[in-house]
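Each remark here refers to the structure printed beneath this line.
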């Protein structure tokens, strides 16, 4: 996943073409001023804007009703907020020149578009890297019993969070004074922005590969039914596609043709950027969407065999004590106590049964009790026995 856009790799290198803004005497070839590539922004934004909101809402509702919201859920909601802000700023930029040839954009519109672009660099990076952090937090909870995996995932969380703060600060300070980033007439200097973008792209791509590949050996090695294993293919398939998009973005920055001579019109790199961070959010939401579909359409999407009920006043999902006792301790059974007396299981009274607070991770990956990782649930049971001699 890339931490940059195609516009412009270096503000200073684009000054001469951008300052060739139209005036009353400027003439263009027929149809030149009317040409537009704004659809490169509008189409992906219009598609992903409602999809990410819908999938995030499904994920949040599913997690809230089944296990309660965890740290990764709040981080993902924050990533979604930054992502929607980035989409909105891209739409703002199309209203102020993005999609038109740079020579046809007025200086006033260009200043507004560049200011929005400057802001979107930070919101984009925040959305992208917070999404990765959310996924890693989910990994650490799912595979918390594997200490080595947990340490690696926690280290990646720290590195990505540190990198996010550092790269946002560097983006803010890329020009001195700051307003030089969107105002060409302001005296000042800018860093070698293209080199900075390429470095960010390479570093971000490396973390993408690490986050995507980290759980693959564990998940694919699970003894899952064929249907459940196939259900994981879209999750990792889309994750792999995000990595491919990030690699394409890196190539577009490092290609010999960079910097782009017409950055407001040639928006291929911008399209890849929009697809990248939005698709990352979609990937993180997919496991919960599967659980939602299993609950909504159990006949179409076979899921787990776990049935839950909510104990009065518990505020959360619990296994039904009656169901557990009825399954494990049938009423027509008998056993012998240590003192030699017969114990009537029908006389057992459950005084307390408390479920461990570990969340329903097997459901989040669509795993049941038919195979694969099984979560151990601890119950404290107090009972009384009536002895018959």
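Including glycine, each Cβ sits where the backbone N, Cα and C put it.
TrEMBL lists 58-294 with the feature domain 'Rhodopsin'.
The region 'Disordered' annotation in TrEMBL covers 307-327.
Only residues 6 or more beyond the boundaries of the transmembrane segment (41-62), in the same chain, are considered here, and those with a CB under 8 A from a CB of the stretch are 69, 73, 76-77, 80, 83-84, 87, 90-91, 93-94, 98-99, 267, 270-271, 274-275, 278-279, 281-282, 284-286, 288-289, 291-292, 295. What TrEMBL lists as transmembrane segment is 41-62 (among others).
Counting residues 6+ beyond its ends, the transmembrane segment (74-98) has Cβ neighbours under 8 Å at 7, 38, 41-42, 45, 48-49, 52-53, 56, 59-60, 105-106, 109-110, 112-113, 116-117, 119-120, 123-124, 126-128, 130-131, 133-134, 137, 264, 267, 270, 274, 277-278, 281, 284-285 in the same chain. Feature annotation from TrEMBL assigns transmembrane segment to 74-98 (among others).
What TrEMBL lists as transmembrane segment is 118-140 (among others). If one looks beyond the transmembrane segment (118-140) by at least 6 residues along the same chain, the residues whose Cβ comes under 8 Å of a Cβ in the stretch are 1, 3-5, 70-73, 75-76, 78-80, 82-83, 85-86, 89-90, 93, 149-150, 153-154, 156-157, 160-161, 163-164, 167-168, 171-172, 181-182, 200, 204, 207-208, 211, 214-215, 273, 276-277, 280-281, 283-284, 364.
Annotation comment: TrEMBL describes 152-173 (among others) as transmembrane segment. For the transmembrane segment (152-173), same-chain residues at least 6 beyond its ends with a Cβ under 8 Å from one of its own Cβ atoms are 3, 118, 121-122, 125-126, 129-130, 132-133, 136-137, 139-140, 143, 196, 200, 203, 207, 210-211, 214.
Here TrEMBL flags 193-218 (among others) as transmembrane segment.
The transmembrane segment annotation in TrEMBL covers 230-251 (among others).
Annotation source TrEMBL lists transmembrane segment at 271-293 (among others).
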